[in-house]
Amino acid sequence: MALSLAARIQLLRFLVAVVFFHGSEYFLAVAIHGRSRVSLGSLLISKQYAFAMICALLEYKIELVFFPELKENWWMSNIGLVMVIIGEIIRKAAILTARRAFTHTIRVYHENHHQLITHGIYRFMRHPGYCGFFIWATGTQLMLCNPICIVAFTMVTWRFFYRRIRFEEFFLRQFFRSRYVEYARQVPSGLPFIK
């Protein structure tokens, strides 16, 4: 079966988005933290993530065969592309603003160079890195016109970040005490329905 123009463009956009996202995460981590302090984990590809992306491509293929008209929805695909770009911009702004304070793992011990970042994009949201990833992940599925994965990615990433934010903020309150409490009171989390 030959892929339509829309299907080829959607798949190409998706592959470019995924490769750029993960490659840039890794290279920024190396540039900021140094090669010796960065592992392949900075590519942010876990077993669960790989499974989710396989499910997304599987849904895409099944719907392409049985419901090809779903994949001709240019406005939805283009909205997804815009979301992917916005998500990338927000996440990369978070990384570049926080610099060494931004890590791919939650710090459970305070380090001397660890500081509370409240300037730049952090003036508008406490967790722009998570916000950017949430928008990016959902956007990838809109870009592919995958109705099942749009819902699944939105729900799963929101739940993941809900738990992660609660865990991370426990330590941030320990590290920065009243400064973090006041900051959290004034600045939203950056994700819907997470205070």
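From the backbone N, Cα and C atoms, a Cβ is placed for every residue, glycine too.
Taken straight from TrEMBL:
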TRANSMEM  12-32  transmembrane segment
TRANSMEM  74-90  transmembrane segment
TRANSMEM  133-161  transmembrane segment
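Long-range Cβ contacts of the transmembrane segment (133-161) within its own chain (Cβ-Cβ under 8 Å, at least 6 residues beyond either end) map to 10-11, 13-14, 17-18, 21, 52, 55-56, 59-60, 63, 70-71, 73, 76-77, 79-84, 86-88, 90-91, 127, 191-194. The list of residues near the transmembrane segment (74-90) in space but at least 6 beyond its ends in sequence, with Cβ under 8 angstroms from a Cβ of it, reads 6, 9-10, 13, 17, 20-21, 24, 121, 128, 131-145.
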